[in-house]
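Okay, structure first, notes after.
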Amino acid sequence: MSPQTETKASVGFKAGVKDYKLTYYTPDYQTKDTDILAAFRVTPQPGVPPEEAGAAVAAESSTGTWTTVWTDGLTSLDRYKGRCYRIERVIGEKDQYIAYVAYPLDLFEEGSVTNMFTSIVGNVFGFKALRALRLEDLRIPTAYIKTFQGPPHGIQVERDKLNKYGRPLLGCTIKPKLGLSAKNYGRAVYECLRGGLDFTKDDENVNSQPFMRWRDRFLFCAEAIYKSQAETGEIKGHYLNATAGTCEEMMKRAIFARELGVPIVMHDYLTGGFTANTSLAHYCRDNGLLLHIHRAMHAVIDRQKNHGMHFRVLAKALRLSGGDHIHAGTVVGKLEGEREITLGFVDLLRDDFVEQDRSRGIYFTQDWVSLPGVLPVASGGIHVWHMPALTEIFGDDSVLQFGGGTLGHPWGNAPGAVANRVALEACVQARNEGRDLAREGNEIIRQACKWSPELAAACEVWKEIRFEFKPVDTLDPDGN
């Protein structure tokens with residue numbers, strides 16, 4: 001290197017380590033409509049000021065590294081850096097803070113949840129200066145949303161395809177989840193659909209194991225769908241799980257499902273990955289398939305209150321990546337889910353515009369512009385006695401999915417489906433007549449039992465079943 005070059009390059013550069021907050025903590029910053037905004041729950045190590053911790057998150061998830069480097073001078077850090085623009089103490093929690101970070105839109109590839117998450121929830125989550133870090137919420141700007149296709153079809157198009165209106169849809173996960181032969185599996189699908197369900201579902205564990213290869217399962221399930229449709233006059237579906245070990249194999253399964261003429265396929269979007277999910281969602285839109293999404297592995301990421309990522313962020317990411325249904329908890333069943341938090345991300349899945357509401361854990365106003373909505377699926381430990389509460393909590397635009405609550409009926413699978421359909425129809429009728437489902441729910445179900453022996457038998461079996469455990473992930477005392 002010539003002396004002239006060396007002198008020019010060294011202007012304004014000082015080697016060494018400097019505090020993150022000198023560059024990345026900018027409390028006077030005015031956020032832009034095009035910024036991606038993030039709310040992080042930060043627990044700094046002892047001795048680390050919250051401003052330095054928040055700035056470190058902004059730096060390590062955008063342009064920063066642990067030391068100053070020569071190549072900082074070859075770009076405009078002010079244009080590309082993330083900025084921690086506000087810090088709030090979490091009431092009732094020692095050494096926890098909410099750090100708000102703004103990211104310039106140019107940091108992210110268009111239409112790529114994978115790239116967005118690689119930056120925002122990447123290596124920064126292992127940063128030693130932080131004891132724990134959790135991403136509570138994201139504000140996705142409309143300019144970025146418009147680079148995504150989103151759900152293959154959305155709520156209204158799905159209802160039109162199925163010709164089903166004015167009530168929640170009913171589903172059932174086939175059990176036992178593993179071990180059935182393809183023929184016996186198809187028989188269970190047929191019995192449930194014939195009994196009155198709209199959908200049946202592959203368990204998320206079911207891919208293509210030695211006891212039941214995927215092609216055999218697809219064929220027997222298609223036969224069950226067509227037979228039940230012919231007998232009931234209703235459009236039916238089974239969530240055929242296309243999740244596989246490679247994207248190529250996944251697409252092969254989706255293509256075969258389309259060739260069979262079935263209405264819907266399924267994907268495990270977290271274990272399968274966002275790149276695979278987005279590819280499948282694009283295929284489903286182009287070929288008229290609905291796409292059901294299971295969230296297997298979500299609790300590894302979202303259940304602990306101080307570290308990881310809240311499910312509302314995963315729900316937003318799914319709406320961008322693409323899916324027509326996604327499992328969203330039940331509030332009343334066996335799986336984690338506080339009511340206000342659950343309703344918050346259910347609205348983020350379905351609605352076009354959601355206002356900031358800290359009482360429901362929503363940190364930012366979110367405008368989805370023209371992106372279609374996603375049906376939330378309530379599934380896990382629910383039965384006929386839960387039907388009034390589920391109908392009242394989730395409303396019409398939802399899927400209520402009873403696995404054991406259908407297949408565990410003492411008279412068999414079809415009577416289990418009948419019991420659920422009768423319970424749902426009774427709740428919808430009562431609601432439409434102006435009755436209070438929250439207060440009168442049990443009485444509504446008891447009255448329906450008088451003209452449905454199948455429902456009466458189901459009510460007797462599950463009359464004592466409760467899952468009364470306090471959720472781990474709860475709102476903070478101030479509504480955070």
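Placed from the backbone N, Cα and C atoms, the Cβ positions cover glycine too.
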Checklist entry - For the substrate site that Swiss-Prot assigns to Asn123, Thr173, Lys177, His327, Ser379, which of the candidates Arg89, Arg213, Arg295 is also assigned? => result Arg295
Checklist outcome for this item: Looking only at the recorded positions Asn123, Lys175, Arg295, His327, Glu204 (Mg(2+) binding site) has its closest CA neighbour at Arg295
Checklist entry - In the structure shown, which of the recorded positions Lys175, Lys177, His294, Arg295, His327 has the fewest other Cβ atoms within 10 Å? => result Lys177
Checklist outcome for this item: Around the Cβ of Thr173 (substrate binding site), other Cβ atoms found within 10 Å total 24
Checklist outcome for this item: Comparing the Cα of His294 (active site, proton acceptor) with the Cα atoms of the binding-site residues Thr173, Lys177, His327, the shortest distance belongs to His327
Next on the checklist: Other than Lys201, Asp203, Glu204 themselves, what residues in this chain have Cβ atoms within 8 Å of the centroid of the Mg(2+) site's Cβ atoms?
Outcome noted: Thr173, Ile174, Lys177, Asp202, Asn205, Val206, Tyr239, Asn241, Met266, His294
Checklist entry - In which DSSP state, out of helix, strand and coil, do we find His294 (active site, proton acceptor)? => result strand
